[in-house]
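Novice: Take a look at the following structure, please.
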Amino acid sequence: MLVLFVATWSDLGLCKKRPKPGGWNTGGSRYPGQGSPGGNRYPPQGGGGWGQPHGGGWGQPHGGGWGQPHGGGWGQGGGTHNQWHKPSKPKTSMKHMAGAAAAGAVVGGLGGYMLGSAMSRPLIHFGNDYEDRYYRENMYRYPNQVYYRPVDQYSNQNNFVHDCVNITIKQHTVTTTTKGENFTETDVKMMERVVEQMCITQYQKESQAYYQRGSSIVLFSSPPVILLISFLIFLIVG
């Protein structure tokens, strides 16, 4: 009985001390979003939350919360922290696409030809001062990359170089002519010499890579190496 009496008396005391309207969300201390005067407001501005332009609390759709589409917040327009924005996705430029093609990728529409890496145009002497000077002044108009097929499709270097020179000059001439620039007989003569040297360099590079790949295949396919690899796998698994 004594416990029941104490509990009843405590409830009556709390009812008498219950605050009148004007506490939470009225005139007293408030959460963000209440604009009534009086008391301390958190934050001090009337209306919105931290850096919010249209009222509303944390995460509200029109007051802006963390990452909300309307109003402030991290990375949203109008907030106090709008300088912290998400980085935009990098756009793939034509330079990146051209760089990928320059690594020996197969060129579409050329029947399996590949485009070699860019090279420095060789310094060539043509036997007279006029042609040497003409080449130095016009070498930028000539190709610095060659088209070629894999070396295993040719029986020797001469066949590779002959095909490489023909397709490279043809493609470069067609592409340049469409831009309104024509080549003279002197240009074609110099282009043939330049592209020939570049095709020889490309053949040597591709041949070396081809034989290295072949040597690796032969090495790993030999019986002693296969037995050694099998033994190591057995030790690891076992």
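Glycine too: its Cβ is placed from the backbone N, Cα and C atoms.
Feature table excerpt (Swiss-Prot):
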BINDING   Gly47, Gly48  Cu(2+) 1 binding site
BINDING   His54, Gly55, Gly56  Cu(2+) 2 binding site
BINDING   His62, Gly63, Gly64  Cu(2+) 3 binding site
BINDING   His70, Gly71, Gly72  Cu(2+) 4 binding site
CARBOHYD  Asn166  N-linked glycosylation site
CARBOHYD  Asn182  N-linked glycosylation site
REGION    44-83  region '4 X 8 AA tandem repeats of P-H-G-G-G-W-G-Q'
REPEAT    44-52  repeat '1'
SIGNAL    1-15  signal peptide
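Have a look at these and tell me how they're positioned relative to everything else.
Specialist: The Cβ of Asn166 (N-linked glycosylation site) lies under 8 Å from the Cβ of no residue that is in the same chain and 6 or more residues away along the sequence.
According to its DSSP assignment, Asn182 (N-linked glycosylation site) is coil.
Mean model confidence of the region '4 X 8 AA tandem repeats of P-H-G-G-G-W-G-Q' (44-83) amounts to 44 (pLDDT, 0 to 100 scale).
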Novice: Among all protein chains shown, how many Cβ atoms are found within 10 Å of the Cβ of Asn182 (N-linked glycosylation site), not counting that one?
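Specialist: Other Cβ atoms found within 10 Å: 8.
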Novice: Could you tell me which three-state DSSP class Asn166 (N-linked glycosylation site) falls into?
Specialist: helix
